[in-house]
């Protein structure tokens, strides 16, 4: 009974979290630096978003820093 309740709480939390995540993950990130070059930090991405004019990137904490900034 307790395990069943805990399972239902976890499932409900996962559903609520998935509904709260924005559908458009291509929103502008925050400022980051690739050496002396200023870029835009994208969390949990392995590549820069396409169609935004980025010409380079560097790995950044749990994401990527893409430059140049427009």
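Each residue, glycine too, has its Cβ placed from N, Cα and C.
Per Swiss-Prot, the feature disulfide bond maps to 32-65, 34-58, 48-66; the stated evidence is similarity to another entry. What Swiss-Prot records for 1-21 is signal peptide, and it gives a curator's inference as the kind of evidence.
The two recorded residues, residue 58 (disulfide bond) and residue 48 (disulfide bond), show a Cα separation of 10 Å.
Recorded residues residue 48 (disulfide bond) and residue 32 (disulfide bond) have their alpha carbons 13 Å apart, per Cα-Cα distance. The two recorded residues, residue 32 (disulfide bond) and residue 66 (disulfide bond), have Cα atoms 8 Å apart. Counting Cβ atoms from all protein chains shown, residue 66 (disulfide bond) has 25 others lying within 10 Å of its own Cβ. Considering other CB atoms within 10 Å as the measure, the emptiest surroundings among the disulfide-bonded residues 32, 34, 48, 58, 65 are those of 58.
Looking at residue 65 (disulfide bond) and residue 34 (disulfide bond), their Cα atoms lie 7 Å from each other.
Between residue 66 (disulfide bond) and residue 34 (disulfide bond), the C-alpha separation comes to 8 Å.
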